[in-house]
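Here's what Swiss-Prot has on this protein:
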REGION    1-24  region 'Disordered'
REGION    5-195  region 'Large ATPase domain (RuvB-L)'
BINDING   34, 35, 76, 79, 80, 81, 142, 143, 144, 185, 195, 232  ATP binding site
BINDING   80  Mg(2+) binding site
REGION    196-266  region 'Small ATPAse domain (RuvB-S)'
REGION    269-354  region 'Head domain (RuvB-H)'
BINDING   324, 329  DNA binding site
């Protein structure tokens, strides 16, 4: 199968080409077209995939609703993709919404009462549900029932509505912000981890085939190793490298073409861009390697604290360039080496010789 992209409007580049955050509607449409549809097509997340294969198979065999599923991890790792795959594997409908959209209990009630037997309800950013909406959700998850108020004032009364059995799939980048009562109602909890370069190389090769973009193994790996362990970034870089190959080359994506294209995009071999380097430079140069508080870093580089915490930091921490401590962020010796700066005596004592 191949995907024709001529029908898609030109996609403006995101603020950061290595950002794992959702981008423009046009790019999201193309991203949806590249998503795997079934578990057998899904690359990576071996532990979560094995669990889901077993639990989905059991639910399908018994013709029951799958237990409620919580997916958490950094953005861009495939939480939305997995929700679609779960519904497809179960052969049921998927209803999709997000925590901020469900402002009032009636918003959630309207969704729940329209679900058919064993359907999947996907709530992205579930940690952002309001407390009053969350209260309505509890009996729905446990007993497939909701209580709604009819009328107003003294004449108001509560009625109980029965729901069809359904599966809630909740996704969040901040599992720690979920309330304990909500977290406890998920029978299946899966943490999505960053992907290895080898896994991302398989994803890039598959996506290139769908985009009719010739690519060799070295070209795919070059894109993969700079993709920060994130499929969304890998697919975005692939599309930009494909553009470069079409204009500056013969259309084939080789290692040399990928290296030149990614250098033009200012994505270095570690997958760092200008914003990553600004953060590391701020901690190393302005704050002597730390420890430094998140708000101070945010002010010094002109970014929101939440963006730093959710989008920029996770990869730097996972790769060992930054540490979070109770006293603040600390640059590691790897960060000093990456910037070509001699570590301070304090950091040498803390981490050992460079």
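Just so it is clear, glycine is given a Cβ too, placed from its N, Cα and C backbone atoms.
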Response to the item:
Closest by Cα to residue 329 (DNA binding site), out of the binding-site residues 34, 76, 80, 142, 144, is 76
Discussion item. Check the DSSP secondary structure of residue 324 (DNA binding site), expressed as helix, strand or coil.
Written reply: strand
Discussion item. Using a 10 Å radius around each Cβ and all protein chains in view, which of these binding-site residues has the most neighbours: 34, 76, 142, 195?
Written reply: 76
Worksheet item: Secondary structure at residue 34 (ATP binding site) (DSSP, helix/strand/coil)?
Response: helix
Worksheet entry | Distant-in-sequence Cβ neighbours of residue 80 (ATP binding site), under 8 Å, six or more positions away | 96, 122, 124, 171
Worksheet entry | Most crowded position, judged by CB atoms within 10 A, among 324, 329 as binding-site residues | 329
Discussion item. What's the number of neighbouring CB atoms sitting within 10 A of the CB on residue 144 (ATP binding site)?
Written reply: 16
